[in-house]
Amino acid sequence: MELQANLENVLQKVNNFINIDAKRQIYAAHFDNLKNTIFNELRKNEVLAYLFNGFQLGGSYGDNVKVTVPNEYDLVFNIKFPEQPLIIVTADHELPGNVFLDFTRVIHKIAKEKQHEKILQHLKQWLDDENYLKVEKFQWFLRSCFIDVLTKMNFKITFKGRTSSLRYSREGPAHTIKVTESLNFDYSVDFVPGILLNANQCVTSNIVGQWEAIPKPTPTNNHLYKSFRASFYRQEQKIIKNQQQLKNVYRMMKKFRDSKTNMLKMKSYFIKTLFLWKSSRENVSYWSKPLTEIIIDMFKDMEKSLREEKLPFYWDRKLNLYDNYQPRLMREMLNCVESARETLEKAAKELTLPLQKRVFCIFCKLKI
């Protein structure tokens with residue numbers, strides 16, 4: 001291994017190494033075909049066709065920070081209820097970052113309108129006695145729609161003469177479809193429903209534009225549960241978009257996470273949250289600095305959050321994203337991050353061949 005002139009050169013090589021463009025097109029073409037087929041079939045359901053209001057690519061692909069084989073996709077499909085501005089949104093004070101959706105005014109309005117007769121019948125089945133939308137009732141309707149579609153497709157899809165098997169599962173708020181063609185080609189798609197709401201209905205933050213309420217279930221799948229997670233993906237995209245080195249460092253932090261077994265509980269959204277907070281504190285010009293300076297800063301921020309066992313949800317500080325993690329896990333992640341940060345700082349001061357190898361090992365599963 002040739003010794004590089006400085007740490008910046010090493011980090012540039014790492015940044016180039018984690019680019020996945022080579023395989024992106026193969027997966028993307030198959031995924032586009034699956035996505036279009038599934039949505040076209042779902043819209044044959046009269047009720048879902050009425051509620052469906054487009055979709056957006058979410059997760060790492062939507063943010064353009066995917067670093068591994070492109071085999072996982074997140075799709076948020078928007079649900080827009082009739083008279084949606086009449087939905088009364090209130091904060092769930094027992095679960096920060098979550099909201100309740102009260103359909104009382106919606107029911108009163110559409111009950112008088114014949115064109116809403118069918119959707120009204122279904123909507124009443126999804127509400128509790130106080131007209132709050134219930135997470136599992138609504139999710140079971142969507143589940144039935146996906147199962148009907150996949151059954152009609154015989155749980156298979158053919159693209160360019162090659163047939164793949166399809167398997168359905170519920171993963172958190174997502175309706176997940178696993179696609180398998182061979183041992184060397186498989187991927188999954190998380191279809192996540194997002195109930196569209198307006199900026200003036202947001203009770204957790206001051207925002208511009210629409211946002212979504214995500215039907216994220218409780219661990220016990222309580223059928224009476226009526227609390228939805230507030231999601232601001234559009235606003236988050238704007239914050240991290242066109243920020244020079246931001247996405248390069250973001251990808252590298254994810255690659256660090258992926259290469260360390262004791263970091264796998266550091267969710268992608270947690271890493272994203274660190275960048276959202278950093279963007280709120282720094283001037284736009286900050287992201288034009290060298291990779292070396294920014295990545296050491298981000299390791300320090302991650303280290304600080306783990307040491308304090310606190311990472312506030314960007315849109316509601318009362319929610320600590322680390323809340324469900326045990327102290328032992330936090331210490332394991334802290335030790336890993338601290339070690340990486342120390343290596344980077346040493347390499348920034350004086351790069352040697354052993355240090356260079358250790359820097360590569362921070363981001364890649366290499367044996368020295």
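We number each residue from 1, going along the chain as drawn.
The backbone N, Cα and C atoms fix where each Cβ goes, glycine too.
What you see is a predicted model, and the numbers here were worked out from it, not measured in a lab.
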Query - Per Swiss-Prot, member of Asp148, Asp186, Asp190, Asp258 binding Mg(2+) alongside Glu72, Asp74 - result: Asp190
Query raised in the report: Say you check the Cα of Tyr233 (ATP binding site) against those of the binding-site residues Glu72, Asp74, Asp190; which is nearest?
Result: Asp74
Requested in this report: Report, in whole Å, the straight Cα-to-Cα distance of Tyr269 (ATP binding site) from Glu236 (GTP binding site).
Outcome: 11
Query raised in the report: Considering only the binding-site residues Glu72, Asp74, Asp190, which residue has the minimal Cα-Cα separation from Gln235 (ATP binding site)?
Result: Asp74
Requested in this report: Please name which of the binding-site residues listed here, Ala230, Lys254, Tyr269, is nearest in space to Asp190 (Mg(2+) binding site), Cα against Cα.
Outcome: Tyr269
Query - Secondary structure of Phe232 (GTP binding site) (DSSP, helix/strand/coil) - result: coil
